[in-house]
Amino acid sequence: MQKILVEGGNLLKGKVKISGAKNSAVALLPAAILAESSVTIEGLPEISDVETLSDLLEEIGGKVSKSDQTITIDPSAMTSMPLPNGKVKKLRASYYFMGAMLGRFKQAVIGLPGGCYLGPRPIDQHIKGFEALGAKVTNEQGAIYLRADELRGARIYLDVPSVGATINIMLAAVRAKGKTIIENAAKEPEIIDVATLLTSMGAKIKGAGTDVIRIEGVDHLHGCRHTIIPDRIEAGTYTILAASQGEEVVIDNVIPQHLESLLAKLREMGVEIVEGEEQLTVRPGARLNSVDVKTLVYPGFPTDLQQPFTALLTKANGTGVITDTIYQARFKHIDELRRMNAQVKVEGGASIVTGAVKLEGAKVKASDLRAGAALIIAALMADGVTEITGVEHIDRGYERITEKLLALGANIWREEMSEQEVEQFQNS
Ligand code: EPU
């Protein structure tokens, strides 16, 4: 097990290249199950969630070959092998095996997914969708059993615009007989990316990226080649980091339109941002002012950036309130930031950050992926050295984060944890 160490204070300068989107990748890989020949995906991030999913594809008989950021999946020999335990528990996105295997084999057995603990994360809307398509769904000893004699298109209204449910229903519906309409669908860019892949495979999908998606089922889906979109959350994290501790940082390989809510908030704070076609140049203003933020579904402010944004607010003048309407318990980073002298309190689904505080290095623990990003940003601003454990959460979603930050001039490195530290970490 490793820990990340950061000596704060260096001003960051230079260019950072954003990787392919994690939350697209984790759906695109299972989507390949639906094809009858090889699917090649380019621009994949090298993160542990991608490793885990490609192992799972191999477990069900897929032939997977990888080189650099390209993966080719030959799904022709796959079977509907049950995946009740093991790696599926490692990440949330293993739930996409449900929709994809149901679409291809009309049956699947998948363990309940794991992933970051952000408070309750139900999958009732996924199940409601599968049932509407004609599947019988049961939960037996922690695994979901899905079976359908035939999948039939249906009209499905999502009670909440869930990213996972929207994608999962699309995965099954592309192989259902007849037309499916998903109403109150989520509109995140990753949904468009998955629809683009499925369309290249021969699926008929209209309206991805709006709140009504129409799918006409087809009998066959073929292999194809697809390039993944850039990771808007990784880009947002580096943009926040540049606003916190940058001199001038160029964020490269980004779709600025995907980050409009964040960029608007940063400009409101006094951060200077120049938008290019695929780049953002970020310069912190002379004075940062606090703002309030409320997370919302896309195109609102993303929940995945509220934790990193909290770290930035510790530097701004005034008090800022961050309300998370998507995950009301996504505040595990706050106790850790407090260890670093942040003045933050949590009250009913919101964190209240008193800014203009000098952070100090401390021993802290990343409880989840974006909490880890928040701690790294805080550590870059802090006096002294910060030791961050829970690095495996960070490596699930940020490709080569220490190397990218080193190249921007940060003083950051990894060390192996001693046996005693590992034991302390596991008991904490
Ligand atoms: N919800 C339900 N029922 C459901 C599904 C969701 O009530 O069946 C609720 C959730 O509890 C939550 C809201 O709906 O309050 C939105 O959840 P959603 O289903 O959209 O989230 P998800 O698909 O499980 C994805 C990302 C998350 C990101 C959320 C919100 C993946 C693998 N994960 O999760 O990403 O926070 O959308 O944008 O795509 C991360 O990258 O750090 C991360 C956690």
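Quick reminder: no glycine exception, Cβ is built from N, Cα and C everywhere.
If you look up TrEMBL, you'll see 7-405 marked as domain 'Enolpyruvate transferase'.
The phosphoenolpyruvate binding site annotation in TrEMBL covers Lys22, Asn23. Lys22 (phosphoenolpyruvate binding site) falls within a helix when secondary structure is assigned with DSSP.
DSSP assigns Arg121 (UDP-N-acetyl-alpha-D-glucosamine binding site) to coil, not to a helix or a strand. Under the heading UDP-N-acetyl-alpha-D-glucosamine binding site, TrEMBL lists Arg92, Arg121, Pro122, Ile123, Asp124, Gln125, Asp304, Ile326.
Taken from TrEMBL, the feature active site, proton donor covers Cys116.
Annotation comment: TrEMBL describes Cys116 as 2-(S-cysteinyl)pyruvic acid O-phosphothioketal.
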Cβ-Cβ neighbours of Arg121 (UDP-N-acetyl-alpha-D-glucosamine binding site) (radius 10 Å):
15
Reported as an integer number of Å, what is the Cα distance between Arg92 (UDP-N-acetyl-alpha-D-glucosamine binding site) and Lys22 (phosphoenolpyruvate binding site)?
12
Find the longest CA to CA distance in the recorded UDP-N-acetyl-alpha-D-glucosamine-binding set Arg92, Arg121, Pro122, Ile123, Asp124, Gln125, Asp304, Ile326; express it in Å as a whole number.
21
Within the domain 'Enolpyruvate transferase' (7-405), what mean pLDDT does the predicted structure show?
96
Which of the three DSSP-derived classes (helix, strand, coil) applies to Arg92 (UDP-N-acetyl-alpha-D-glucosamine binding site)?
helix
Round to the nearest Å and give the CA-to-CA distance linking Gln125 (UDP-N-acetyl-alpha-D-glucosamine binding site) with Asn23 (phosphoenolpyruvate binding site).
18
Does DSSP give Asp304 (UDP-N-acetyl-alpha-D-glucosamine binding site) helix, strand or coil?
helix
